[in-house]
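Asks: Taken from TrEMBL, the feature substrate binding site covers THR8, LYS9, ASN10, PRO11, GLY12, LYS13, SER71, PHE153, GLY154, TYR155, ASP156, LYS177, HIS182, ARG183. Look at TrEMBL and you will find ASP70 tagged as Mg(2+) binding site. The annotation active site, proton acceptor is assigned in TrEMBL to ASP70.
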Amino acid sequence: MQKIVIATKNPGKVREMAAALSALPFDVVSLAEFGELPDAIEDGKTFAENALIKAAYYQQQTGCACIADDSGLEIAVLDGAPGIHSARFAGFHADDATNNAKMVEELQRAGVSESAADYRCAIAFVDEDGAVLTAEGRCDGQIKLTPRGTNGFGYDPYFYPQEYPGRTMAELTLAEKQQISHRGKALKVLAQKLEAGQE
Ligand SMILES: O=c1nc[nH]c2c1ncn2[C@H]1C[C@H](O)[C@@H](COP(=O)(O)OP(=O)(O)OP(=O)(O)O)O1
Ligand SMILES: [Mg+2]
């Protein structure tokens with residue numbers, strides 16, 4: 001069975017990616033299996049560029065087929081910020097808590113308590129021989145200043161997806177999030193492309 005490495009250092013992404021790929025006939029493993037690898041340099045200008053940078057970099061590092069995700073949150077009243085800079089919104093040593101605090105601060109500075117927003121996800125797969133498959137997904141909703149829920153990761157406690165009025169992404173189960181999320185949609189398209197390649 002072909003080995004596929006889930007090439008991300010984000011445990012929240014690993015959970016969602018592993019769940020989406022579990023039904024496929026691949027031996028799906030995590031990056032942890034390869035020890036401490038230096039971070040990829042995410043200097044692309046788009047989610048798609050960064051996803052491909054990470055997939056190609058980790059494919060080189062591991063010698064195995066790799067699947068990488070680049071994703072982020074675009075907030076309308078902040079002109080699409082933090083966008084591709086979502087992981088480092090609060091600076092170099094940012095984490096989910098400091099990024100969320102920075103987001104609340106920026107919305108308050110803009111004088112609003114909510115804004116239209118969307119999550120974006122680009123997925124890239126690079127196989128052992130360097131062949132590439134890609135997919136993208138988007139999820140629309142609202143950011144509000146009242147956080148709720150403990151599931152998911154990142155900005156999820158503040159993101160109210162349009163499919164579930166009154167609930168945040170952090171109040172959805174993994175299966176519910178997977179159905180509507182940017183990552184779930186991108187992974188579904190990628191899984192179809194991977195399966196087509198197996199025939
Ligand atoms: O479903 C999501 N729910 C909540 N927040 C999310 C989601 N999807 C992306 N995000 C946020 C988290 C992070 O601030 C940024 C991704 O940044 P991004 O560089 O792609 O990932 P990362 O640095 O965490 O891990 P890695 O690059 O190793 O895959 O967007
Ligand atoms: Mg990153």
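Backbone N, Cα and C atoms are what each Cβ position is placed from, and that goes for glycine too.
The structure displayed is predicted, hence computed values, not measured ones.
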Asks: Do you know which of the binding-site residues THR8, GLY12, ASP70, ASP156 end up with C-beta under 6 Å from ligand 1?
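Replies: Only THR8, ASP70, ASP156 meet the Cβ criterion.
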Asks: If you count Cβ atoms within 10 Å of each one, which of the binding-site residues ASP70, ASP156 comes out on top?
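Replies: Of ASP70, ASP156, the one with the most crowded Cβ is ASP70.
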Asks: Going by a 10 angstroms cut-off between Cβ atoms, which of the binding-site residues GLY12, GLY154 has the sparsest surroundings?
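Replies: GLY12, out of the binding-site residues GLY12, GLY154, has the fewest neighbouring Cβ atoms within 10 Å.
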Asks: Across the record's substrate-binding residues THR8, LYS9, ASN10, PRO11, GLY12, LYS13, SER71, PHE153, GLY154, TYR155, ASP156, LYS177, HIS182, ARG183, the largest CA-CA distance in angstrom?
Replies: 20
Asks: Taking the Cα of ASP70 (Mg(2+) binding site) as the centre, which of the binding-site residues listed as THR8, GLY12, GLY154, ASP156, HIS182 lie within 10 Å of it?
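Replies: Passing the 10 Å Cα cut: THR8.
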Asks: Taking the Cβ of each of the binding-site residues and counting other Cβ atoms inside 10 Å, which one has the highest number: THR8, ASN10, SER71?
Replies: SER71
Asks: Ligand 2: which of the binding-site residues ASN10, GLY12, GLY154, HIS182 have a Cβ closer than 6 angstroms to it?
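Replies: What lies within reach of ligand 2, judged by Cβ under 6 Å, is none of the binding-site residues.
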Asks: Using all protein chains in view, find how many other C-beta atoms are within 10 Å of the C-beta of HIS182 (substrate binding site).
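Replies: Around HIS182 (substrate binding site), other Cβ atoms within 10 Å: 25.
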